[in-house]
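Straight from Swiss-Prot, the features:
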type: ACT_SITE; residues: C271; note: active site, nucleophile
type: ACT_SITE; residues: H354; note: active site
type: ACT_SITE; residues: E356; note: active site
type: BINDING; residues: S51, G242, G244, L272, Q275, N311, G313, F314; note: L-glutamine binding site
type: DOMAIN; residues: 194-381; note: domain 'Glutamine amidotransferase type-1'
type: REGION; residues: 1-190; note: region 'CPSase'
Amino acid sequence: MPHPSSRQAHLVLADGTVLTGDAFGHRGSVVGEVVFNTGMTGYQEVLTDPSYAGQLVTFTYPELGNTGVNGDDQEADHPHARGVIARQLAPCASNWRCSESLDNWMERHGLVGICGVDTRALVRRLRDGGAINGVISSDGRSPADLLAEVRHAPSMEGLNLASQVSTTEPYEWSSPCRVGFDQRLKQHPDLPYRVVAIDFGIKRAILDRLVAHGCAVTVLPSDADLDTVMSHQPEGVFLSNGPGDPAAVDSGIDLARSLLERANLPLFGICLGHQILGLALGGKTFKLGYGHRGLNHPCGTSGQVEITSQNHGFAISADSLPEPMVEVTHLNLNDRTVAAFQHRHQPVFGIQYHPEASPGPHDADHHFGRFVALMADRRDVGG
């Protein structure tokens, strides 16, 4: 549905493709990598997830904004996606928690959107040709001018975006900011486990799940070094999700390598953190054609499958991980890429998907308990 005060907008891809629709949200122009998310719900969590920094997100579900936005479902204080591409904008929002329409929220936060375009055709283009840079614009410029702009935009490969979304100051996170799903947890320890989380673009839901599993979390900037981490006397270190190319996050790789070599602490990485752990162990990463962004990706090896929430454009090359030191424990069953690994001799593991969901299924929440169990074992032996 067109915006009530509709203005024409263009989406121009770097290959010359032009789609014309209606502007919504903030009026203006923005360049980013065009990707797609196949989830039917959770657009507020997606748009505020720092892992989407630098991207124009196409939603495959045909209508957006049905439930508006609320104060609980944000993964950060503000949106991190650069733009929104939708087939249709809902004419009204209806939900008991709704505090604002998606359109107004996007306008307030300066988030540019385009609707009324053939998202099915666009997703087929991205699926067949891969993610590509594009520009959304409602500022009146011609498609030819926009094409010239987007062709000068940098590729996602080689970009360290984690440094742009990370906190600049340490902070503590010890109580959940919202009520979550049925946690099904055992009694918390009398003394919470001290966890240092390295913020490459961390989601609030991850912090909430760590707390729900009995952790007191100190969040440090993405450029924290080993001395800074160890000064907090952690019982475990968590490497967070985040945007961009993992191979460009030199400080994170150096820290993970130092932790592996000198700290002998439980290490747990999710998404970008998983990739950084893999790189620190000697592995290599590569860019996926169009990435994994959705809520129903099956992952496993044999005997048990987890339906998972995913959001990443890079993956670890299975052949690059050092054997037998590192074991691949889960594969994405859609394309057989590495979904999780563990170290055979150290309390270290990484998973490519999102056990905290938000949005998505909770099949993989037990990985937080797995991390806590490693810290409990270390505490029991006086580590």
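Note: Cβ is positioned from N, Cα and C throughout, glycine not excepted.
The shown structure was predicted, so the numbers you read here are calculated from the model rather than taken from an experiment.
Here the features listed in Swiss-Prot are painted onto the structure.
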{"residue": "S51", "record": "L-glutamine binding site", "contacts (Cβ under 8 Å, 6+ apart)": "H80, G201, K203, N241, G242, P243, C271, L272, N311, H312"}
{"residue": "G244", "record": "L-glutamine binding site", "contacts (Cβ under 8 Å, 6+ apart)": "A53, G54, M156, L159, N160, L161, A162, L272"}
{"residue": "G313", "record": "L-glutamine binding site", "contacts (Cβ under 8 Å, 6+ apart)": "E33, V35, A131, M156, K287, L288, G291"}
{"residue": "F314", "record": "L-glutamine binding site", "contacts (Cβ under 8 Å, 6+ apart)": "D245, P246, Q275, T285, F286, K287, L288"}
{"residue": "H354", "record": "active site", "contacts (Cβ under 8 Å, 6+ apart)": "K203, I206, N241, I270, C271, T308, S309, Q310, N311, G360, A364"}
{"residue": "E356", "record": "active site", "contacts (Cβ under 8 Å, 6+ apart)": "K203, A205, I206, D208, R209, I270, D365, F368"}
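Those residues of the chain, other than S51, G242, G244, L272, Q275, N311, G313, F314, with a C-beta within 8 angstroms of the mean position of the L-glutamine site C-beta atoms are G201, N241, P243, D245, P246, C271, H312.
Within the set S51, G242, G244, L272, Q275, N311, G313, F314 that the record links to L-glutamine, no two Cα atoms are more than 13 Å apart, and one pair reaches that distance.
With the fewest other Cβ atoms inside 10 Å of its Cβ, the least crowded of the recorded positions C271, L272 in this structure is C271.
Q275 (L-glutamine binding site) is surrounded by 31 other CB atoms, counting those within 10 A of its CB over all protein chains shown. A 10 Å cutoff on Cβ-Cβ distances gives G242 (L-glutamine binding site) a total of 33 other Cβ atoms nearby, all chains included.
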